[in-house]
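This report concerns only the one structure given below.
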Amino acid sequence: MSVMHWTNVDNHSPSKFNGQSSETLVPIRKRISKRSEKDLKQATFKQLYKQNKLAEIVTKAMENKEGLYEEYDEIKIQGSILRINDNVIIKNGDNNVEDYIGTIQKICSVLEPQSNKLICLCKVQWYMKKSEIVIHKPRARCWIGTQEIFSTKTNDFILAQTIIQKCTIVDCDEFVNLQNCDSTTYYNRLEWDVENKKFMNMNEIQLYCLCQQPWNPELNYIQCDKCQKWYHFECVDLLIGSYDDKDYVCGYCN
Ligand SMILES: [Zn+2]
Ligand SMILES: [Zn+2]
C-alpha cells in the first residue's frame, strides 16, 4: 500500500521544489540533463508522462514536426473558463499537504501520437504559502497572515486537470479593507527568492510597533493619538478592548 501511495504522489503532484538544497541540486541537475538529452529522443510520451516529466513532454512535442503541440488563450476546467494570467488553486497529490497557488502563464496541449489522447498542460508561476516560508524564516511566523502568499520567479508545467479553481490575489492594503473575503482570497506584498531562501524586497515594507514587524491583518493594533504610530496591544502591555473609547499615548510621547 505504501508503494502505491508514493507512486500516486509522483504522478499527480507538481514537481515543485522537491526539498533538495541548492548545493545538492546543481550537480544532480547537470548529470540528469546530460543524460536526458539523449534519453528524451528515445523516451515515448507515455514514459515521460508516467515519470511526470511534463516540461520534457512539451519540449519533445514542440520539436516534433507533426503539430503535436498547440497553445491556447483559455481552457475550460470544472465548468469554468480559465485564461492566461488567472490565479488558480492547484491540487497537491498528497492530501496531507496544502494546495498550491499559481498564476497561469501558458495553456497548451500535446497530442500523444500513439493513443491520440490530448494531454492538457498549464505553465504556472508559483506563489509560496506561509507554511513553506516559516520553515526557513521561523521568526516571520508572527507577522505572516494565513492568507498571505509570496510571489516567486519559479515556474513549472502542471496537468490542467490538477487545477481546482480560480482564486483572488490582492495587495495587503486592499486585503485589510476587504469587507468579506473567503478562503480563496489571498494577499501578496513580498517576493520570495526560492534559491537563496530569503525575501526579495523586505526593505520596501513598512514596519510597525516596538517589535518592528510588517503589518499582520490578523493581529490587534492600537494607534498613539500623538505620534499616530501603531503598536501591538501585547507589545505595549495592554489588554485588547481596554482602550476602545479612551485616548492612547505611547511610551515615547508620554
Ligand atoms: Zn509589536
Ligand atoms: Zn506616540
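Keep in mind that glycine also has a Cβ here, set from the backbone N, Cα and C atoms.
Per TrEMBL, compositional bias 'Polar residues' is recorded for 8-21.
According to TrEMBL, the domain 'BAH' annotation covers 80-203.
For the domain 'PHD-type' (206-254), the model gives a mean pLDDT of 90. What TrEMBL records for 206-254 is domain 'PHD-type'.
Marked as region 'Disordered' by TrEMBL: 1-21.
Within the domain 'BAH' (80-203), the DSSP-based counts of helix, strand and coil residues read 21 helix, 61 strand, 42 coil.
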